[in-house]
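According to TrEMBL:
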DOMAIN    1-135  domain 'Nucleoside diphosphate kinase-like'
BINDING   K9, F57, R85, T91, R105, N115  ATP binding site
ACT_SITE  H118  active site, pros-phosphohistidine intermediate
Amino acid sequence: MEKTLALVKPDAYSTGHLDDIKKRIEAEGFKIVQEKEVKGTKSQIEEFYKEHEGRPFFESLTTWMSSSPFYAMILEKKDAVKAWRTLMGPTNSEKAREEAPNSIRALFGTDGSKNATHGSDSLESSAREIGIIFG
Ligand code: ATP
Ligand code: MG
């Protein structure tokens, strides 16, 4: 069993898509082991997205993610990291609509930045990110 961190980002959370996203998560056989609403501080979100420091979208991404609440869940399943990223679909919501039309980002994302959800990219990232968000 693996654990991964899922975030329902402010775009999808503020527009009321949490329940639909949770239904998809549960239908795919994930167990939600912890969950909570989070209002991140700018410095907490900067730490969370540290790997992207220096990239052109870093400032807008961290400002956006710390400006309104999002919803965090720890998901558990066999191969949870990969399974959750597959269910989310490609990073860019437009590309997701072309390549994985039933994915969460295709259905609920807006563009390349406001893309509805986050998923850890490895088991190491999952442990680090769960530490930052759930302590
Ligand atoms: P996440 O880490 O959110 O699960 P990901 O691993 O598919 O998504 P990353 O490359 O880690 O994508 O990027 C982290 C986040 O930064 C993306 O989810 C998106 O919100 C934003 N982002 C990534 N690339 C761009 C870009 N080119 N322009 C604007 N925002 C971007
Ligand atoms: Mg990532």
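Placed from the backbone N, Cα and C atoms, the Cβ positions cover glycine too.
Because TrEMBL annotations are produced automatically, they should be read as predictions rather than curated entries.
For the domain 'Nucleoside diphosphate kinase-like' (1-135), residue counts in helix, strand and coil come to 66 helix, 26 strand, 43 coil, using DSSP. Taking a C-beta cut-off of under 8 Å and a sequence gap of six or more, F57 (ATP binding site) has these contacts in its own chain: S113. Figure note: comparing Cβ neighbours within 10 Å for the recorded positions K9, R85, R105, H118, the maximum is reached by R105. There are 25 other Cβ atoms within 10 Å of the Cβ belonging to N115 (ATP binding site).
With a CB cut-off of under 6 A applied against ligand 1, the binding-site residues K9, R85, T91, R105, N115 are reduced to T91, N115. Taking the C-alpha positions, the distance from R85 (ATP binding site) to the residue listed as 'active site, pros-phosphohistidine intermediate' comes to 8 Å. In sequence order, R105, G112, N115 are the residues near T91 (ATP binding site), counting only same-chain partners six or more apart with C-beta under 8 A. Looking just at the domain 'Nucleoside diphosphate kinase-like' (1-135), the mean pLDDT is 98.
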